[in-house]
Amino acid sequence: DFNIITTAEAKAVDIFWLNTREKVPSWAGPLAFPRPLGAIMILNIWTTVPTFMILYLAGLQGIPKVLYEAAEVDGAKGWQKFWYITVPQLKHITFLIVTLGLIGTLQMFDQVKIIGGQAPLESTITLAYYVYYSAFPGASAPRIGMAAAAAIILAVLTLIVVLIQKIFLGDGKDLRD
């Protein structure tokens, strides 16, 4: 016995429960500054976290079992093995994931183009989208010089972020090196 909701019942739920009269809620509405940015953040997390988890899984599978066995012989408990074996062994994977995440966030274009196009006062524009919009503005004249300057700034900013991250996370050497 399945209960089927008709279109009229769904519209009543939509009007009274969700308090909207639109068929589809406007995620990037004109009065909703946090909504487009939040939607872009959710979409970015949704698309990148699975890849990062696969990288962490590969890193976990690459940790030699001998290290855990030696730690057990030395009397290490679960948390000690985690902090002194697993975390240091995943340092290079963490560096890779943070680097890819930061570069991907700095160069985010497609999510902003799709979701943030209707955001008020261009509140969701990233530097990569600005490069594209300056080079290909549509009806107005292209500003190739501004696009090139913004692209160089994006490249330098990416390099600076990666170098700062390399300083804080170290050189990535672990027990296997």
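Here the Cβ of each residue, glycine as well, is placed from N, Cα and C on the backbone.
Remember, TrEMBL labels are computer predictions, not curated facts.
Annotated features in TrEMBL:
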type	residues	note
DOMAIN	1-165	domain 'ABC transmembrane type-1'
TRANSMEM	37-58	transmembrane segment
TRANSMEM	90-109	transmembrane segment
TRANSMEM	115-132	transmembrane segment
TRANSMEM	144-168	transmembrane segment
Ask   = Can you name the far-off residues of the same chain, 6+ from the ends of the transmembrane segment (90-109), with a Cβ under 8 Å from a Cβ of it?
value = 40, 44, 48, 52, 55-56, 58-60, 63, 126-129, 132, 154, 157-158, 161-162, 165-166, 169-170, 172, 174
Remark   = Spatial neighbours of the transmembrane segment (144-168) not adjacent in sequence (6+ beyond its ends, CB under 8 Å) are 95, 98-99, 102-103, 106-107, 127-128, 130-132, 134-135
